[in-house]
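Below: one structure, written as structure tokens.
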Amino acid sequence: MMSDVGRLKMARRKDSRKYAFACATFASLNSVLLGYDVGVMSGAILFIQKDLHINEVQQEVLVGCLSVVSLLGSLVGGRTSDVIGRKWTMGLAAIVFQTGAAVMVFAPSFAILMLGRLLTGIGIGFGLMIAAVYIAEISPAAARGTLTSFLEISINIGILLGYVSNYAFSSLSYHINWRIMLGVGIIPSVFIAFALFVIPESPRWLIMKNRVDEARSVLLKINGDEAEANKKLAEIEEAAGVLNAENNNENKEVWWEILRPSPSLRRMLIAGCGIQFFQQITGIDATVYYSPTIFKDAGIKSYKELLAATVGVGFTKTMFILVAILLVDKVGRKPLLYVSTIGMTTCLFILGLSLTLMHGSGLISPKVGIGIAILAVCGNVAFFSVGIGPMCWVLSSEIYPLRYRAQASALGAVGSRVSSGLISMSFLSLSHAITVGGTFFIFSAISAISVVFVYCCVPETKGKSLEEIQMLFQKEREVQRGEVELSNAEHLVQNK
């Protein structure tokens, strides 16, 4: 029979898991805002175009500028989070985003609408960068992949809610329906405000600021075992030692080292920034933003049917993220990335082929073409959600040492947002130049390159603490065929 001490330890572990789960859930709320904005704009833009009489170029700029402008928030967010803390940076992100959303709701013209859009973009840049860092820093190693994946499921929930909002309000007058669609996105701010008074500050940030007792208290709640908490505290203090010793010129030195990286840091940056780049350059935001346009090209005509089809896409995208959450800490990051990138490549190719054959040769009937297009789009977002969608946040938040984590994650987010903006702002023009089907052939080719990138540059990090992953990348001769042998890193840590 289990002793009282054993039962007490088990109860503490359960409580600590619930606590870490709650922290990750609250921290990922900002991502709901991003997802909602992406989802709702795909339908709202149809009515904004009619109401404000914007042309196609203005439509592309309105949709895509959010991603580009968000890089400003990402760049500033790294430094801001080091000064005021991880959780209060998330709060600042929510305030800026909600201000922008309110401006868009009451915008009388395209210029004012753009101003609100720019503000929401800056807020998203803050939130995207720091939420992943925060969750990685408060998560136990065994559950870090699952908890960091909450960001992606929050984005997907937001996208689905945006699609549902489009469908629900589409029957109203086009002078008011898009304003209501955008205004509903302000509601999550209530929950974010509550979250800031519930979640703790990152223990790693607290140690950076020499608030050791507070860090120990947080680690005890997360780990549920005093010995384990003290061990983790010692590891973090050792990792943060150099950082605190050189505090005066910290920011300049960190950016200088990132711009002129050592071999090990270079590998981290290639893996972290590269996975963020490929997450977006394969066209996922174009698929989400312009899904009504894609289905219209496939043959669906009415607004209700277009928006109903996008709800199906959003539901698929959200459901399949659950698969990633269940498997990421069991099968690992890399197998899911292989399944994801190969599956996306196939679906994008099928989508491009079906649209091309339907319009070019008439070999596919409109009814069959619509069915294939819907299945291909749903398949693409499903494979995205299984792998590269959530794995991007998992890997980019866990591979960097504490000294570089905030700034390097910000740099990766910049690449992600720039590539997303370029895709979003060029999709309509490119589709007119080479057809919608031709555009998806290009996305398929880029996705095929991402498979090679995963094989050559992305290590497997399942089950390793952040400090062990740092040791892993520091072994400069440990890369063979682009994959790091984690067993050697374990042996090194054990012999220290």
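Note that Cβ sites are derived from N, Cα and C of the backbone, with glycine treated the same way.
Under the heading coiled coil, TrEMBL lists 226-253. If you look up TrEMBL, you'll see 23-462 marked as domain 'Major facilitator superfamily (MFS) profile'. The transmembrane segment feature in TrEMBL is assigned to 21-49, 61-78, 90-112, 118-135, 147-164, 176-199, 268-291, 306-328, 335-358, 370-396, 408-428, 434-458.
Counting Cβ pairs under 8 Å to the transmembrane segment (306-328), the stretch among 118-135, 335-358, 370-396 with the most such contacts is 370-396. The listed stretches are 21-49, 61-78, 118-135, 370-396, 434-458; of these, 61-78 has the most Cβ pairs under 8 Å to the transmembrane segment (408-428). Taken as a whole, the coiled coil (226-253) shows an average pLDDT of 64 in this prediction.
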